Amino acid sequence: MSSSPAQQLPPGWAAEWHESRASAIPIHWSVLSRLAANSNSEAPNHAETASGHTQWEPPSQLPESQPPSTAQPTAQSHHGKRRQYAAGQTQAYYGAAEVAADPGYGVAPGLQPQPAGGQLFTPGLASENQFQAQQAQVPGQPSYYSQQPPDQPLAYGADPAATAGGYGSQPGQQPQYIQPGVDALAGQFGQMGLAGGQKQFQLYTSNLLTSPPEPKELHRPPPEIRLPPNSSISPSPLANADPSYQRCTINAIPTTSSLLNKAKIPLALILTPYRSLKDGDEPVPVVTDTVIARCRRCRTYINPYVQFIDGGNRWRCCMCNMSNEVPQLFDWDTARNQPGDRWSRAELNHSVVEFVAPTEYMVRPPQPAVYVFLIDVSHAAVQSGMVATATRTILENLDRIPDEDQRTKVAIICYDTSLYFFSVPPGSDSSMLVVSDIDDVFLPKPTDLLVNLAESRPTLEALLGRINDMFQENNIIGSAMGPALQAGFKLMSPIGGKIVVLSASLPSVGAGALKNREDPKILGTAKESGLLQAASPFYKTFAIDCSRAQVSVDMFLFSQSYQDVASLACLPHYTSGQTYYYPAFNAARPEDALKFAREFGDVLAMPVMLEAVMRVRASRGLRMSSFHGNFFVRSTDLLAMPAVPQDQSYAIEIQIEEALTTPFVVFQTAVLHTTCYGERRIRVVTLALPTTTNLSEVFASADQIAITTLLANKAVERSLTHKLEDARDFVYQRLVDILMAYKTSMTSGGAGASAQLAISDNMKMLPVLVLGLLKNVGIRQSAQIPPDIRAYAQALLTSLPSQLLIPYIYPTFYSLHNMPAEAGTVGEHGIILPPALPLTSERFERHGLFLIEDGQTIFLWVGRDAVPQLITDVFDLPGYDVLRGGKITLPTLENEFSQRINAIVQKIREMRRGVYYPHLYVVKEDGEPPLRLWALSALIQDRADVLPSYQQFISSLKEKVNTT
Amino acid sequence: MGGAGWLFLFAVLMAAGLLFCMVFFIIMFSDLECDYINPIDLCNKLNQFVLPENLAHAFLAVLFLTSGQWTAFLLNLPLVLWNADKIRKKSHMYDATEIFRTLGGHKKETFFKLGFYLLSFFYYLYRCAPSPFSTLVASSTWMIVALIAESE
């Protein structure tokens, strides 16, 4: 799962494994995947790639008993290993007795029914001698696992040290070791490749009453996926999807729905198929030869979990068991025009691949990327400086708009209560065309409104530079956003693309006009959820029209007053766009202008997937039952997404329809899309998970992060269909259900009252995450939250990927004045952050400087007794009294402390995926109350108003669990 | 056959029409589930029928009221009120963006209405004065029932 397998080497490896070889593997890996990624056209797969394949074998396949000196891996032995891999397959065919002697290759009976006496099919395994040498070698391999030294290193995923020592559960209760794995061999080395070692799943119980939440727990990887051996035909550690692409709430799927119901854990997939690549991420390999092997029956794409049968001429689908023919060109290297090595094909080694799609996958030739900017130029918009900032940002980012093949088209329409079109003919001056008839929108000119970016570049630049001046004196109040949308839609509907709306006022005239329905009296009452629904049907029907025409809408909202974000956010919601909200935007504040320009620039530069449809397939017996996220559900399992932005997350609930009989199941997400460079592609993400009949394994494999992400989506949905109150109750009840299920089935207490509140160790952050969710602005119980803020928070809750969502629910809290010496300096993995503190104001010190951040906002909390030196060092001010609270740009000063704090803020702004650039607020301990309260509301473990503290929350949970 | 007889004869025909309408809805829903139709077309098609169906039913109820058929009116009253409430809350139309989430509820509702119209159909038939005409209607009824059974 991790991109650096070396980290996963259990400590035991280093001693018995040759150092140089062990370290060589990850290097080789990155080189290899880069090769594979670049191989689309110019760089063919070299022979090195093929031989590199030999090194993918898990180290456990090296005879361990060999003394290190002789185990020196030479080129010769590489070669041998390669054969060995193939031989493993071959032996399976022969069904020879030796097979049993080799635990590494041991084909699980019933798992891979291979025809006996099949022929060798692996290209390269030509020589009979070599094969026999292999055969001879295999029995020589000692049965490694039985020879574990008594002081065996602890398995990577189990991490019992942290549980046993750290959180002081009751000694009698833990570590509560439920079952030592299904089979000593079965769990040996799942698909983790190098994870090696002995993998017996262990369930540790934590007592929530005595173990306070520990923020660093949130950074632990999800419970390990323990696939049965040989379920993947590739030993690559990338054969299973990284959790940032696709993760499941339970990493061991219960075989029956009754078992799932017993555990009460919701079963769902959390996916971010179009995840951005940060530095150090593996690029997604691309299969360029348009040989796309798919199952005839269920249309699954070939992946590392299929089996080759019939001498490699056919493959058996991992989902429906259908036997399919291997395409003829599968073993042919089209780049070099000679036989290729099928085992080096990316789709058999990577869980995330992209296929270049042939014409059968196209309804029409790949469309160019189209951007239509709708800019509000009413009085409020111009005065706030939005128009100036937006046009300047577009101007500065024209180079970053994806336009590799010079086909990208751009149009600009301004609107107040009329529409202002701009004709931008290439090579001559632009002209403005005013349309005041907003009841029946028409395009004033058939051409030159939507122009090629590259051709009209100079004219466009001149126009963007002028727009703000043109409307500088505009005194018109009101907004014809609906008609502007219709105009933009008319302009681009033959092609599709992206409409970017920048609006600073409530739409007031024409189609889609909205009324100010904000009413402080109904906030906090049952009627409040009405304010979170679309007020006008226009925004839904128009969204449907957009989805049909492959048009996606992004909303940038800036209003000082009520803008009905709830209604406007509908458009991005159903057209796979995104809403961005800058309440009370004022470009006169450099922080506001900077934040908007950064985020808007990144959105413009983002390479979007156009004309996309997404479908998730799963093994027989599993069904995708409901879908959450920004898209339009076009049929029972097909999600239409006109333009997929990067780092948007979706949640899909799964139903177990019939009992699962296979040892593992596969979930495959396929996104058919057009890149913004005019290429039709299919991105395929494959995730394989083991099945289990064991309730304790279900609990031990629950992924608290994924569960929280799902609950956030469900809660928002419920708050719209029911009431906010119902949404909170629902989330709370789900948590209680899980705790009760755990208590009755996993602890000795059974159904009776118990002095502790038990949960498995891997879910012990779930209660605090649920508490954070209940206290999130999106669904918090309060009569003070403006509906706009609430609607925006809900839009974030349903679209943020887990990496951003978890801090948004459970913010991070650092103490800066006494941080360790290395914090804020550059370490091995970039800037070192201080240790995170639990989110409670008990940690505040009156002389301290603290930082709280939730991925959207950063608060610098300054204690009232902060020494003048600290204020001088950080803010360049003489003392606490002159410091003012509010948005701030932190000065970089000539002292180490200031530089370290700047580095930390910088790191926080950049470390996560997504375009968000958090504001930095200075909060004084005795400063203005609204800001203080806002910052304090991030400390979710405290009691605030009617919202319980963590302790109260836990005891109410305990009461609930014990009484029912 | 008196005035009441004609009224109920008319009601029988109306009920048959409503019955067919519901069968059509159910067929469309199952088409959606089998992916023969996309949700946008489905909603456009069905939404044309929602208000006429509600109005026809309300009209029938009003007829019963004005002609003093209290039992028949009271039988129909709950459904009239329920429809009116949905229209008041503006939730009577099918919403293409939410249709897959709400499909189960819609199907349940449609099946319930189907059953209701079927029962009321027989009730109206029974209330028609026994006449040679009603035997004709009765025989055609069984044909309709057979048709419905077949279509499901």
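Every residue, even glycine, has its Cβ placed from backbone N, Cα and C.
Some features that TrEMBL has for this protein:
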- A:39-87: region 'Disordered' (REGION)
- A:57-69: compositional bias 'Low complexity' (COMPBIAS)
- A:130-178: region 'Disordered' (REGION)
- A:130-149: compositional bias 'Low complexity' (COMPBIAS)
- A:209-240: region 'Disordered' (REGION)
- A:214-223: compositional bias 'Basic and acidic residues' (COMPBIAS)
- A:228-237: compositional bias 'Low complexity' (COMPBIAS)
- A:292-328: domain 'Zinc finger Sec23/Sec24-type' (DOMAIN)
- A:366-600: domain 'Sec23/Sec24 trunk' (DOMAIN)
- A:610-692: domain 'Sec23/Sec24 beta-sandwich' (DOMAIN)
- A:703-806: domain 'Sec23/Sec24 helical' (DOMAIN)
- A:831-901: domain 'Gelsolin-like' (DOMAIN)
Exercise for review: Provide the three-state DSSP residue tally for the domain 'Gelsolin-like' (A:831-901): helix first, then strand, then coil.
Suggested key: 20 helix, 14 strand, 37 coil
Practice item. Count up the helix, strand and coil residues in the domain 'Sec23/Sec24 beta-sandwich' (A:610-692) according to DSSP, in that order. Key: 0 helix, 59 strand, 24 coil
Point to revise | Number of helical, extended and coil residues in the compositional bias 'Basic and acidic residues' (A:214-223), per DSSP | key: 5 helix, 0 strand, 5 coil
Revision key, fill the gap. What DSSP reports for the domain 'Sec23/Sec24 helical' (A:703-806) is 71 helix, 3 strand, 30 coil
Study note, to complete from the structure: Across the region 'Disordered' (A:209-240), DSSP yields 8 helix, 0 strand, 24 coil
Check your understanding: If you average the pLDDT over the domain 'Sec23/Sec24 helical' (A:703-806), what number do you get?
Key -> 87
Point to revise | the domain 'Zinc finger Sec23/Sec24-type' (A:292-328): DSSP-derived helix, strand, coil residue counts | key: 4 helix, 11 strand, 22 coil
